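Quick look at what TrEMBL annotates:
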TRANSMEM  12-34  transmembrane segment
TRANSMEM  54-72  transmembrane segment
TRANSMEM  129-150  transmembrane segment
TRANSMEM  162-186  transmembrane segment
TRANSMEM  193-214  transmembrane segment
TRANSMEM  240-259  transmembrane segment
TRANSMEM  280-302  transmembrane segment
TRANSMEM  340-369  transmembrane segment
TRANSMEM  390-410  transmembrane segment
TRANSMEM  416-436  transmembrane segment
TRANSMEM  443-463  transmembrane segment
TRANSMEM  521-543  transmembrane segment
Amino acid sequence: MAAPREIGTFVVWDYLVFAGMLVISAVIGVYYAFAGVGQQTSKDFLMGGRRMNAVPVALSLTASFMSAITVLGTPAEVYRFGAIFSIFAVTYFLTVVLSAEVFLPVFYKLGVTSTYEYLELRFNKYVRLCGTVLFVVQTILYTGIVIYAPALALNQVTGFDLWGAVAATGVVCTFYCTLGGLKAVIWTDVFQVGIMVAGFATVIIRAAVVQGGIDTILSDAYEGGRLNFWNFDPNPLQRHTFWTIVIGGTFTWTSLYGVNQSQVQRYISCKSRFQAKMSLYINLLGLWTILTCSVFCGLALYSRYHDCDPWTAKKVSALDQLMPYLVMDILRDYPGLPGLFVACAYSGTLSTVSSSINALAAVTVEDVIKLRFRSLSERSLSWISQGMSVLFGVLCIGMAALASVMGALLQAALSIFGMIGGPLLGMFSLGILVPFANSIGALAGLMSGFAVSLWVGIGAQLYPPCSERMLVLHLETYGCNSSSNGTSWVTATEMPVSTSAFQIHNVERTPLMDNWYSLSYLYFSTVGTLVTIFVGILISLLTGGRKQNVDHRFLLTKEDFLSNFDIFKKEKAVLSYKSHPMEDGGTDNPAFNHIELNFTDQSGKINGTRL
């Protein structure tokens with residue numbers, strides 16, 4: 001029987017490393033608040049003056065959604081369900097291509113600040129308002145989870161007060177985001193993604209030394225069934241297979257990278273369309289790097305505890321505490337390195353929360369304040385943008401309380417994006433890809449898609465699928481020190497498959513629970529998107545959508561693809577698009593009026609009729 005493992009505690013050097021990361025992040029915010037001319041206009045604050053370069057934006061894109069959810073959730077996912085999660089590498093590739101070649105060209109040529117401006121130009125103000133409201137709800141919920149995640153890690157490894165850590169995260173993010181705007185957010189992301197990689201690398205290198213090399217880690221993972229890369233079962237009820245990850249994951253992540261304000265706001269802040277596309281493709285390398293690190297950390301986690309699972313043995317209270325437990329186990333003799341890992345988790349959170357706060361401020365100013373108060377000066381709008389950053393920072397801290405009862409962090413985060421992001425992706429796809437889609441069809445499609453995805457998503461929380469559908473792998477405790485006679489071992493299937501606080505127990509399973517509610521959580525987005533598109537097309541056809549005239553600038557055209565080759569020409573006009581000639585006569589929606597859309601302001605933004 002093995003002796004019980006002792007884990008370390010935080011020492012002064014750990015606190016110094018962690019505090020150093022927070023201080024540097026705050027200093028970057030202060031610098032960009034006062035560098036040059038400061039934040040003179042709302043465009044400077046929200047869009048960095050549209051003068052950003054591809055590389056820092058690419059790193060910011062990587063950091064924004066490779067958050068503490070990745071640092072804590074992905075290794076725990078691999079530990080429990082295997083390395084099939086690495087198939088997300090294919091998903092990331094498809095997502096970046098779709099975002100760069102379908103959605104980016106339309107948003108960039110219109111020069112919008114909020115992606116939901118597009119919805120009014122293409123449809124009407126009511127569609128825009130619906131999109132804005134759903135985005136705000138989605139982002140605040142998600143941000144609550146990513147604030148709670150590192151606080152949980154910090155509480156596990158240091159004994160810090162959990163809610164004190166939640167408040168500290170929100171305050172630091174709100175501080176530098178409010179002072180420095182998008183430039184501060186992007187450059188702190190660049191710094192923080194470096195901390196994330198350093199934290200992962202430290203754990204991987206030390207785990208390889210402790211376990212006797214990478215070969216040992218891979219051998220233990222193979223014997224434990226964790227190298228389960230190729231599961232081609234087409235059953236949509238299986239939690240993770242090649243198809244659920246590639247198809248469902250692509251829909252989920254495209255709703256993030258293609259139309260989500262937090263990401264789109266970054267790449268359309270680049271100084272040219274070429275730089276914007278490059279930022280997405282360079283970001284793909286960052287996504288692959290972080291994914292590789294997090295998957296290998298999960299395999300190292302299994303190698304270390306394959307005979308004594310800390311979760312089954314009650315040494316940790318949640319799967320998301322496994323990585324901090326490993327860190328304090330193998331790095332306890334190296335003062336400062338546990339602090340580096342917690343800084344790694346915190347860096348992921350700071351980058352995500354700051355980007356969310358900045359995006360929430362952007363859509364509020366563009367989609368609400370400027371429409372209601374047209375006489376406000378740019379200086380006033382800049383101050384209002386900063387005030388909105390403070391307000392949303394406080395709201396996100398409050399939503400962290402809800403995250404504490406949502407169960408496993410990784411699945412909860414992706415479920416939220418699937419349920420809300422899927423219908424939004426469907427609505428933008430209607431506008432960009434379907435010329436005859438009209439405002440009635442868009443609204444009907446959005447409501448239908450949202451209702452269906454919410455139905456399956458909430459049902460899955462209340463009545464989670466059985467363990468056979470989850471494909472849970474064995475976790476054993478025969479190597480743990482036990483007070484009882486003999487040796488015991490327990491498999492993970494005896495532990496609760498879902499840790500959601502909303503789960504309803506002791507109910508007789510019905511066909512609805514075993515089929516519809518057991519749909520893989522990655523398909524929530526797919527269902528929402530497809531229902532939105534199908535209903536939107538049908539209703540548009542029934543309500544005269546084919547009779548309307550739509551300006552081609554609102555659609556994806558072959559010229560958008562050919563523009564990829566503009567870099568080989570001496571002259572290229574990125575935002576200067578002339579309207580297409582149309583026949584005289586009315587249109588179904590004043591936003592399509594070609595006369596009023598001929599005028600552009602100095603930023604190149606299209607001034608459509610406001611309804």
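Each residue's number is its place along the chain shown, starting with 1.
Backbone N, Cα and C define each Cβ position, glycine as well.
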Look over the recorded stretches 162-186, 193-214, 340-369, 521-543 and say which has the most C-beta pairs under 8 A to the transmembrane segment (54-72).
-> 340-369
Where among 12-34, 193-214, 443-463 do we find the most Cβ pairs under 8 Å to the transmembrane segment (129-150)?
-> 443-463
Close approaches to the transmembrane segment (12-34) from elsewhere in its chain (Cβ under 8 angstroms; 6 or more beyond its ends) | 158, 168, 172, 175-181, 183-184, 187-188, 191-192, 195, 335-340, 342-343, 346-347, 350
Surrounding residues of the transmembrane segment (443-463) on its own chain - C-beta under 8 Å, 6+ positions past either end | 123, 126-127, 130-131, 134, 407, 415, 418-420, 422-424, 426-427, 430, 498, 500, 502-504, 507, 509, 512-513, 516-519, 521, 524-525, 527-537, 539
Under 8 Å, at least three CB pairs between the transmembrane segment (193-214) and the transmembrane segment (280-302) (pairs 6 or more apart)?
-> yes
Which residues of the same chain, at least 6 past either end of the transmembrane segment (521-543), have a Cβ under 8 Å from a Cβ in it?
-> 236, 239-240, 244-245, 247-249, 251-252, 255, 411, 414-415, 417-423, 425-427, 429-430, 434, 436-438, 440-442, 444-446, 448-450, 452-453, 456-457, 460
